[in-house]
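J.: From TrEMBL, for reference:
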DOMAIN    11-127  domain 'Response regulatory'
DOMAIN    146-212  domain 'HTH luxR-type'
MOD_RES   Asp60  4-aspartylphosphate
Amino acid sequence: MKDSTPGDQKQLLLIDDDPNLILLVKDYLEFRGYEVKTAGNGREALDMLENTTPDMIICDVMMPEMDGHAFVRHVRGNPSTEWIPILFLSAKGQSQDRVKGLNTGADVYMVKPFEPEELVAQVESSLKQASRLIKQQIKGGGSPAIQVPFDVELTPTELRVVQFVARGMANREIANELQVSQRTIESHVSNMLGKTGLNNRTELARWAIENNKA
């Protein structure tokens, strides 16, 4: 299960053996409202996945101990992680490199150097797509229902917020939509997680969809 965080921001796992790039990308994504955990190679990242489930993975290709391709194959081969969107971030930009990365199981392949705004756009797009797929899977009966063993009453504002969460929108986007602060949205999401006893935004979104609240 994902570790709980204030406001339960979207959590990203960033994997790269370049500490300078890790610092740059981590700072930029955190500035945009994401929680970012980091690993130096695929093996370290797999160990982290034993205790946390990120909303998305951003992964280098060429790394020591376990490269990106081997890591992605492990992720896609595990039912508990196979759904996580994966973005390859690599210095290898030939067409055959892109094809290999996508065939391995990555959803997006970006080449270094890259524009930070493009990375953020790809992250947001991938998270929204993952949310849509979860919604389709729920409607098709492809996964067990989220269990909340008691009735939960949401305030009108919480109901509006959870509807946006179910669409895959980040706290920053919801705050802009409702014209309130991001901290206010984080507080609403935290309150709803407390009311439902759920662990993360993904479970909250599924619960809202299954119970016709989104």
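Each Cβ is built from the backbone N, Cα and C atoms, and glycine gets one as well.
Annotations in TrEMBL come from automatic prediction, not curation.
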J.: Can you name the residues of this chain that are 6 or more positions from Asp60 (4-aspartylphosphate) yet have a C-beta less than 8 Å from its C-beta?
T.: Ile15, Asp16, Asp17, Asp18, Leu21, Gly68, Phe88, Leu89, Ser90
J.: Let's see if you can do this one: DSSP helix, strand and coil counts over the domain 'HTH luxR-type' (146-212), in that order.
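T.: In the domain 'HTH luxR-type' (146-212), the DSSP-based counts are 44 helix, 0 strand, 23 coil.
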J.: Reported in the order helix, strand, coil, what are the DSSP residue counts of the domain 'Response regulatory' (11-127)?
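T.: Going through the domain 'Response regulatory' (11-127) residue by residue, I get 52 helix, 23 strand, 42 coil.
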